[in-house]
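The annotation ATP binding site is assigned in Swiss-Prot to Thr333, Ser334, Thr335, Ser336, Ser337, Gly338, Lys339, Ser340 on the grounds of sequence analysis. Annotation source Swiss-Prot lists domain 'Helicase ATP-binding' at 320-503, citing sequence analysis. Per Swiss-Prot, domain 'Helicase C-terminal' is recorded for 539-717. The region 'Disordered' annotation in Swiss-Prot covers 224-243. Swiss-Prot lists 444-447 with the feature motif 'DEAH box'.
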Amino acid sequence: MSQTPIKKEESNDQDDKFEFKKYINEGKLPLKADNPKKKPQLGTIQANQPIPSIFDNLFNLFKVINTTYTFLYLRNSLTITFPLLNSSVKQSLKKELTIGDLSQLREICPQIIELNYKSLASLALEINKNVYTDLNPELYTGSTVSQSSEYVLVIELLETQERSSKRRRREGPTMKANIQRQKLDFNNLKKAIELRNQKFLQGIKEYIKKCQLTELDPTQQLLTQSRKNQPVPPDSPSIPNDSIENCNLNTKACSIEELLNEIASESSYEGQIVQEALHTYPAVEAQYGALSRPLSQELINALYTSRNIEKTYKHQADAINHLWNGFHVIVSTSTSSGKSLIYQIPILQSLLEDNQSTAFFVFPTKSLAQDQKKSLIDILSYMPTLKNIRVDTFDGDTPLESRESIIRSANIIFTNPDMLHQTILPNANRWYYFFKNLKLFVLDEAHVYNGIFGVHVAFVLRRMRRIAEYFGNSQYRFVSCSATIEDPLQHMKKIFGVDNIKLINYTSSPSGSKKFVMWNPPYVDPKHPDDGKKSAISEASKLLIKFAEKRVRTIVFCRVRKTCESLMRLVRQELKTKQKGDLLSKIQSYRAGYTVQERRKIESEMFNGKLYGIIATNALELGIDIGSLDAVITIGFPYSLSNLRQQFGRAGRRNKSSLAVYIVETFPVDQFYLKHPILIHTQPNAELTLDLTNEVLLASHLQCAAYELPINIRSDEKFFGNQIQDICEANLEMVEESYRPHPKYLPFPASQVRIRSVSEDMFTLVDVTNDKNVILELLEPFRVALTAYEGAVYVYQGKTFIIRLLNINKRIITAHQVDVEWSTLQRDFTDVDPVRSLMKKTMHGSTNIYFGAVKATLHVFGYFKVNKQKDILDVVDITDHPVEIDSRGFWIDVPWHIIEVLSLKKINGAASIHAAQHALLSLMPIFISNSGNDIRTECKAGEKEYKEAKSERRRPSRLIFYDNCGDSSGAGLCNKAYEHTDELITMAIERIESCDCKVREGCPGCITSSKFEGGVCSGEVLDKVGALILLKMLLCQHVNLDIYADGPEIDSYHALRTLIPSC
């Protein structure tokens, strides 16, 4: 790996360095004699009242620090430390700077000043040595700091650079603006300093006024509060008691209403609660129902002793009665409505009547299976008659030596669809007695079985039904439980292929009241709306900390892993800054990728009340019991209303009042529900998608079925449909009037058919800090390429690690824990190329649209080091290890004359294609149910598209999309989108034309999407106007080029230099 730092632009003005040092030493702004400017004064704060001298002294101190900071940071991106500032203050004010001084400055204006201790090891990683040649190195390394400390205080001034950074990003593509830091002229430096001085002066005025209104002495209040909140190094041997804010960890949790009232009354509250969206679900009383058959007294006693259950709710009783009457049952009710009893009671009663009875309990995740197994065993422990009944887990973690014993003697098996597919069905003869005595087959969380995974599971269950019938058993019953979904009856019919089903879609269990709050982040600066809004992550961090302080047990849902870890990191930083160390161990993150042991530990701590908060992805949407929760915070819309409602249902699971907070983001779907909040409660859920006509997937499962039992067309058509004969003739081998697997699938077809889009070639991430060698998590190759390259800053449980080594052959990644304030962004591009066309259609004249086999290749060739303002601190090259995906997709070859038209307008052709692709992608969920990144496109890299030298990466003028899940046969999603290309393009044109944004890079309302937040695409190379022209011309619509401004390219050559004709 080679490191290439950004070269700093050198000044030709020999006096520049002299002036720079002069102002650093004096802490002054040079003011021209012919244009004097009046310096800010404090005397106008309040008439007839003297200003305490401490504030006047602090204002002078701030001006010196501000001048020093601005020159150092904006010129060289230095990390500004306490020793560095102390040197300047001593020279200018002839006094020593103290940490108490800085704490007082922060107390007056916390929105500008941030103080954090950082380890010397992390600072060493940030130092770009070549920019310190003219400075005393002791100023940075801190020889004045106690040699016993491993930490140094870092100062950051936030207000001015935050807005200017955002403005720079809006002026043009990120790479054009930031690939090399432009030299700031002297006037810009003066403006930055003056603006911050004015902000601090205003902060003093507001601080004194607030104290006067509350009849507090401003000086005494400042001294008390700044001493209380003074930053302390993490390795300090002792922390003064008065410096740690009381977190009220031993007090009773406040009520939801008290919590909301307190939030709204705080000075930091900026009207984030959307009043017209407030909604309260009233408390509901229980309704009970009677079972049609009496339960044994032993089971009645066990239910009462283990769960305090004396009678069944009406929906439970109705479902159980349907099962006893010979029907299959689908239960689609709200979260925490007691669905598990619907299958637990019948199987326990059946075992009392016939101890040879068996049952499969199938769950989508191992953690959910273990949770439900524990619940069932708890009831069984009070039933002595069933003491010999064996309940076991049969999954990938089950030891090989234990499996035969489980097959022979288990009555109830907890498993997952993967084990059914890969182990149980291919070895069906060993399971003869289990299938023969099967009474109940439970498929929990049915809403999970959607899209490509749902199709796979549907075919697996048809294979299971075929085996059971072969062994002479067709009397067992299916029970499927689900969150509230649209048309659950039809969904169960598709999953199981059966008809005699009864639907239970009403809830009769009691529930506490639930308050729904929509939280709209405020503008960074209300006077400058173009600067955008405060991030949803920072708003969530403040809310979560507030809830935890009040002992309100909370779960925060994030769409992607990156958001989950970013939030956890921010929470840890804020808790350290605020000296609330008691809460650090009370909040944890939870997501896929963590080891099983780590997740079980977090689940247990939450269940036992040891945690006040969990930050999670949708891994905790499912019904894992983590105890009683008081509140849910959802960051951004989670792909579907069903997901959103499922997340809201996690709070109030013990009949308590609860709170659901939805923090809206700037993406189109969030803004839609912000304008129409009532639809969150009234709009029907989107239908789940199961495309059982996918002949490629069916053919692969027929290979597996033929291995389990030879296929007979006449008898097996009822399981697999009337297309079975054609598929068998084309893909399987005829042997003695029945079909057997094709030889290429032998010796074991199931091993070649993966039902989940999870790679078997996982990488192991290992923490090697202090030689501890602890496994952190397992990562898929695609995720490794994007987040775990050598040198990357990787976030785990809110802690930052540097990736030290990526061993491709051994699939091992080593990481070292460090405390850094910067992060890394990969420099990457993806090539997506057609391999073979399977279908073709013509759209409006001569434009062809193709569907077929594609290959996607991800290249990560380096990374940027960036600070919190997204300024690039360093550029690093790394060795590229391409990741390839074979899939299915569709593409549109853009005629070259369209690209030439764009070039005449000096509009970048690659940016236009990229913007058009994302405009279409953002609309596909209207026609296809998918989980965010199931369909992807070829993304452009700003570093490649905008560099001045001739680009070696010239791509065809083509819009292309591919299935990112499934195997080489795809997931069927692009096939469906291919059928709607005309509608998609028409809708994209309407969306772009109706969007009010004025920037060429577009906004979340037209051409950008939530895909950018997870690091899948940087969103650098976009041109909204070019996308509109391109899409219109594809539909042969008239385009008046005169109404569109020319693009940013210098000439027509530069506008198309990275493209070649697609055909």
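Any Cβ shown, glycine's included, is placed from N, Cα and C.
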Protein Cβ atoms within 10 Å of Lys339 (ATP binding site), excluding its own: 27
Which of Ser334, Ser337, the listed binding-site residues, has fewest other Cβ atoms within 10 Å: Ser334
Listed in sequence order, residues with CB under 8 A of Ser340 (ATP binding site) and six or more positions away: Gln372, Ser375, Cys481
Packing count at Thr333 (ATP binding site) (other Cβ atoms within 10 Å of its Cβ): 24
Secondary structure content, the motif 'DEAH box' (444-447) (per DSSP, counts of residues): 2 helix, 0 strand, 2 coil
Cβ atoms near Gly338 (ATP binding site) (within 10 Å, other residues, all chains): 18
